[in-house]
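K.L.:
From TrEMBL, here are the annotated features:
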type     : residues                         : note
DOMAIN   : 4-240                            : domain 'PABS'
BINDING  : Q34, E109, D140, G141, P166      : S-methyl-5'-thioadenosine binding site
BINDING  : H65, D89, D159, S160, T161, D162 : spermidine binding site
ACT_SITE : D159                             : active site, proton acceptor
Amino acid sequence: MSTELWYTERYEEHGASLSLKVREVLHREQSPYQTIEIFETEHFGTLMTLDGLVMVTDRDNYLYHEMMSHPALFIHPAPKRVLIIGGGDCGTLREVLRHPEVEEATQVELDERVTRVAERFFPELCEKNHDPRAHFHFTDGIAWIQKADAGRYDVIIVDSTDPVGPAAGLFATEFYAACHHALAEKGVLVAQSESPLLHADLIRQCQSRMSEAGFDAVNSVYFPQFCYPSGWWSGTLGRKGLSMEAFRADDAKAFSGTRYYHANMQQAAQVAPAFLLG
Ligand code: SAM
């Protein structure tokens, strides 16, 4: 009789699933917002799920975290004040703080338990949590942005869960308009926008909603992400007072320490598949 243990996330509406072979269940808790589970997998290191959906694995998180941070930071001419909404595992924060010109990175995560559990099980992702530039607030990012002063941030990164429950409002035009207001001139917004293969309508919607919200130039970056539905993911970028050409290419070329992102990748990742053109 087989005693193998597999973690499976079923994509019911697509008739597909992702399975990872598990060695051990390391942790399970019910926070005020969601069920947080940590598994030790056979080949992907530690895995975190929220309400049964894969958030992070040791092995492939760098793809998402690098592509959700560096393109936006190299589009901005001089990013000093960065806001991350969501991002409780702290991998995006770590990437943001690799940029020496960033003076302040504020993370507004709804669920403090996600961050505390990440500190215990993903110490590498949390290695910059004690950087004096890092500031944490555990509250709703939508309420936070509505109260933010005009022009407060240079870059806003929305590292959210899927557009359901408390994250649904993070995909709304009103939210993007509040981000536009909270961004300084030459500000950049980037929001995770799901899978090109499975959620093309949502990507188009993010793009059109950011335009409606007042962003001058909008596009998406596409990148692989094994553990998310379809293995292919996206982030959608809105530029305030910046053109599509804005990019500190020389600074990006001199940037080291990444495993996926590099200056040419920034250009390549913006090339949309034919079904998303037009
Ligand atoms: N990379 C992941 C993905 O695409 O599946 C997202 C990871 S990160 C853990 C997502 C975080 O967003 C969660 O910790 C969740 O608590 C947080 N979140 C969801 N809605 C939020 C809101 N309205 N304000 C702030 N954080 C929120």
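Residue numbers in this text run from 1 along the chain shown.
Each residue, glycine too, has its Cβ placed from N, Cα and C.
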K.L.:
What is the biggest Cα to Cα gap, in Å, among Q34, E109, D140, G141, P166, the residues listed as binding S-methyl-5'-thioadenosine?
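P.N.:
Value for the max Cα separation, rounded to a whole number: 16 Å.
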K.L.:
Quick check: which same-chain residues outside Q34, E109, D140, G141, P166 lie with their CB within 8 A of the centre of the S-methyl-5'-thioadenosine site CB atoms?
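P.N.:
Here the nearby residues are Y33, G86, L110, D111, T139, S160, A167.
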K.L.:
Spatially, and counting Cα to Cα, which of the binding-site residues is closest to D89 (spermidine binding site)? Options: Q34, E109, D140, G141.
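P.N.:
Of the binding-site residues Q34, E109, D140, G141, E109 has its Cα closest to that of D89 (spermidine binding site).
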K.L.:
Give the number of CB atoms, excluding that of S160 (spermidine binding site) itself, located within 10 Å of its CB.
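P.N.:
Other Cβ atoms within 10 Å of S160 (spermidine binding site): 22.
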K.L.:
Looking only at the domain 'PABS' (4-240), what is the mean pLDDT?
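P.N.:
Here the predicted model's pLDDT, averaged over the domain 'PABS' (4-240), is 97.
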K.L.:
Name the residues of the same chain, 6+ apart in sequence, whose Cβ is under 8 Å from the Cβ of Q34 (S-methyl-5'-thioadenosine binding site)?
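P.N.:
Once residues fewer than 6 apart are set aside, Q34 (S-methyl-5'-thioadenosine binding site) is near L50, D51, D111, V114.
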K.L.:
May I ask for the distance between D159 (spermidine binding site) and E109 (S-methyl-5'-thioadenosine binding site), taken between their Cα atoms and rounded to an integer number of Å?
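P.N.:
Just about 9 Å between their Cα atoms.
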K.L.:
What whole-number Å value do you get for the CA-CA distance of P166 (S-methyl-5'-thioadenosine binding site) and S160 (spermidine binding site)?
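P.N.:
Distance between the two Cα atoms comes out at 9 Å.
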K.L.:
Compare the Cα of H65 (spermidine binding site) against each of the binding-site residues E109, D140, G141 and report the nearest.
P.N.:
E109
K.L.:
About how far apart, in whole Å, are the alpha carbons (Cα) of T161 (spermidine binding site) and E109 (S-methyl-5'-thioadenosine binding site)?
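P.N.:
Distance (Cα to Cα, whole Å): 11 Å.
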K.L.:
Please report the Cα separation of E109 (S-methyl-5'-thioadenosine binding site) and S160 (spermidine binding site) in Å, rounded to an integer.
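P.N.:
The separation of the Cα atoms works out to 9 Å.
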